[in-house]
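First the structure, in the form of structure tokens, and then the observations on it.
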Amino acid sequence: MVTKTIKSLNLEINFEVEDVPYEEEILRNAYSVKHWLRYIDHKAKAPNNGVNMVYERALKELPGSYKIWHNYLRTRRKQVRGKIPTDPMYEEVNSAFERALVFMHKMPRIWMDYGAFMTSQCKITRTRHVFDRALRALPITQHGRIWPLYLQFVRRFEMPETALRVYRRYLKLFPEDTEEYVDYLQEADRLDEAAQQLAHIVDNEHFVSKHGKSNHQLWNELCDLISKNPHKVHSLNVDAIIRGGLRRYTDQLGHLWNSLADYYVRSGLFDRARDIYEEAIQTVTTVRDFTQVFDEYAQFEELSLNRRMEQVAANEAATEEDDIDVELRLSRFEYLMERRLLLLNSVLLRQNPHNVHEWHKRVTLYEDKPAEIISTYTEAVQTVQPKQAVGKLHTLWVEFAKFYEANGQVEDARVVFERGTEVEYVKVEDLAAVWCEWAEMELRQQQFEAALKLMQRATAMPKRKIAYYDDTETVQARLHRSLKVWSMYADLEESFGTFKTCKAVYERIIDLKICTPQIIINYGMFLEEHNYFEEAYRAYEKGISLFKWPNVYDIWNSYLTKFLERYGGTKLERARDLFEQCLDQCPPEHAKYFYLLYAKLEEEHGLARHAMSVYDRATSAVKEDEMFDMYNIFIKKAAEIYGLPRTREIYEKAIESLPEQNMRHMCVKFAELETKLGEVDRARAIYAHCSQVCDPRITADFWQTWKEFEVRHGNEDTMREMLRIKRSVQATYNTQVNMMAAQFLSTNNGAAADAGAGAGPDAMRLLEEKARQAAAESKQKPIEKAASNIMFVRGETQGGAKDKKDTVVNPDEIDIGDSDEDDEEEDDDEENEMTNENQASAAVTKTDEEGLVMKKLRFEQKAIPAKVFGSLKPSNQGDSDGE
């Protein structure tokens, strides 16, 4: 290796042979940054002095190159990495930064690296000067790159005064970061300054929190800060701030009141804190806020009491004053707990002072305290406004008067009632209730005349005509049409007045047209008690003219009952006229009772023919669900009077008019009647008629009844006919179900259903054609006849197997479910019952196969399944007859 030395400008430079090409390039291009950087990269692994020398030479030629300065400073910082801050090399690097800033003072990256490097040396003052110089040298648009490092520096070391001043300068440029300043102040225990900053941002309506906190959350932080640190926050008026929050944030009153009280507690001003708690529970308007304040208040009193008791117990020289102080604190705590319900009631009344129920509850809480009760009632009736009252206002006046009455102050009670009748209630019923309660109080005091006079005052007619429902008039002017007042007036007249005055009251009620059916009934009973029967009947008739159905039902009931009790059958024509008048417009739901009463009258005092006529009319006049019962009564009465045969017409009419459900039962009863009379054929015809509305799947009881009837009174022919009808009805209902399903599908499927419907007739014609072909083929084949003609029992011959073999099977045969098996079982029962007839024939056995053969043969002849229409004639007999 050869070392060459170049002397120039008193600078001796030693370089190796490998450096010669780079040196030559530099000589040729001394002002080329690219060639210097290439040389620096070549010397990257050389000793520090060699690299630094190349950098120094480059910067001497190109002092304005930011790239060379940045790389040089980064290289020098790497060289001191791992060394202690007192190493001389640190000063060399600092000197390099200072020389760089002579040319690069507008480059923020250089200042940032210098500031971070100085911070790592823990030289506080010099670092602060560096950051200050950077802020002065750089334009304000680039200060945002310096401040984070500056703030990180002042927070890293414990220098609160410096940090406060730095933050204040920073917030002038970035006021939105005040929350970070507040956090630092709390960490540095500078709570007074923190409270001031928080108060400032809370008052600033344009402040937007970077952490997403609302103004309300910031306010809560301020309250917590100033209330929990009363000895460290001196610059703010805590009481004024929190009270301002009470006016501003009405949904957090409980928390704010507790914060204010807590401030005075921590300040040692316990009496002032107690005053705050008392003020709070007397002003909050929600149960939630009251609960928060009351719990804190109770806890404060309890802790105060316990601490004082501990102090007295620990002090051996405790005096009587100490014991008195303990007793005072204990009394305060007990008094607070006793007042809890009253205080809560006060909160609810502050929410709505027109809540009548809460006023009543407050009176209950003042039990055994007459003065407080009177004061509460007085305040209540003065506070509650009639149009805003929640509840019944008149109950306050009534209970107030009853309280005086219970304590023997009747005159005061009368004064209260008098005042209560002058209140402008919303409804007339409220005023009427006050008058009625007043009259009842007079009755309890045995002042009957006074009670009657009160009712006379209440019902006095006004000078001009006033409508009851005219809200523009006062309730006092409309009271004369109150039914409640008139009803009580009538009761009082009945009890303490004369017949004439009581009758006048009832007549006046009727004239005003405010009576009810009950008033009419009471009036009639009153007249009857005094033996004015015709007057009573006229009263009933007046009521009937005033009311319509169904309200007039009770009047007619009383009228007719009383009339029949008195006259019975002596005035039959008049009674008939009354019943006809009653039933003329009587609705079906009320007709049954009156028709039965009418019929009973005719039975007992009139003609049987008239009674039957009434029953006949009743069957069509009552409700549909009562028609069945009415027909049963009609039939029973007809049987008693005329005998069973006369009931046939009634049964026939019932079957025609009753709905299906009841018609079935009526048909069965009719058939049983005919059976009793020995008319078996008529009974069978009734069963056949009823069977058309009896689906075998639903009304199995009916078919079982018919079967039992045939077993007792029929023969094989009738049994087979019954089974045929059963299959026919079953097929009919199946067809109806299929039709409904088809209609449903056509509705849902639209065009597809239309296409399917068009294909239906073609398919049916195809089936009919196949059936005709099968019938023609079957006629060409010989069919052996049975040796003997058995009437209605299918027998088996030697040719039976051949018949079954030659029978043409129809693949489109209709299956009627299990009717075939049922048919075979029923046929077996018929054979057992008719053994006398079967003994005349040869040995006969019935099998499913033969039944199938007969079914197929009948199908071949009729072109449809034989079981659908049924037949009692064997197939071979039909063929022979045809031949």
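In case you wondered, yes, glycine gets a Cβ from its N, Cα and C as well.
Copied over from Swiss-Prot, here are the features:
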type     : residues : note
REPEAT   : 13-45    : repeat 'HAT 1'
REPEAT   : 46-78    : repeat 'HAT 2'
REPEAT   : 88-120   : repeat 'HAT 3'
REPEAT   : 122-156  : repeat 'HAT 4'
REPEAT   : 158-190  : repeat 'HAT 5'
REPEAT   : 268-303  : repeat 'HAT 6'
REPEAT   : 368-406  : repeat 'HAT 7'
REPEAT   : 463-495  : repeat 'HAT 8'
REPEAT   : 531-565  : repeat 'HAT 9'
REPEAT   : 570-604  : repeat 'HAT 10'
REPEAT   : 642-676  : repeat 'HAT 11'
REPEAT   : 678-712  : repeat 'HAT 12'
REGION   : 794-851  : region 'Disordered'
COMPBIAS : 812-834  : compositional bias 'Acidic residues'
COMPBIAS : 835-844  : compositional bias 'Polar residues'
REGION   : 864-883  : region 'Disordered'
COMPBIAS : 873-883  : compositional bias 'Polar residues'
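Counted with DSSP, the repeat 'HAT 5' (158-190) comes out as 27 helix, 0 strand, 6 coil. Here the repeat 'HAT 4' (122-156) has, by DSSP, the following mix of helix, strand and coil residues: 30 helix, 0 strand, 5 coil.
When Cβ-Cβ distances below 8 Å are used as the criterion, the repeat 'HAT 10' (570-604) is approached by residues 548-550, 553, 556-557, 559-561, 563-564, 610-611, 614-615, 617-618, 621-623, 626, 629-630, 633, 637 of the same chain, each at least six residues removed from its ends.
Summed and averaged per residue, pLDDT over the repeat 'HAT 9' (531-565) gives 88. Residue counts for the repeat 'HAT 3' (88-120) under DSSP, split into helix (H, G, I), strand (E, B) and coil, are 30 helix, 0 strand, 3 coil.
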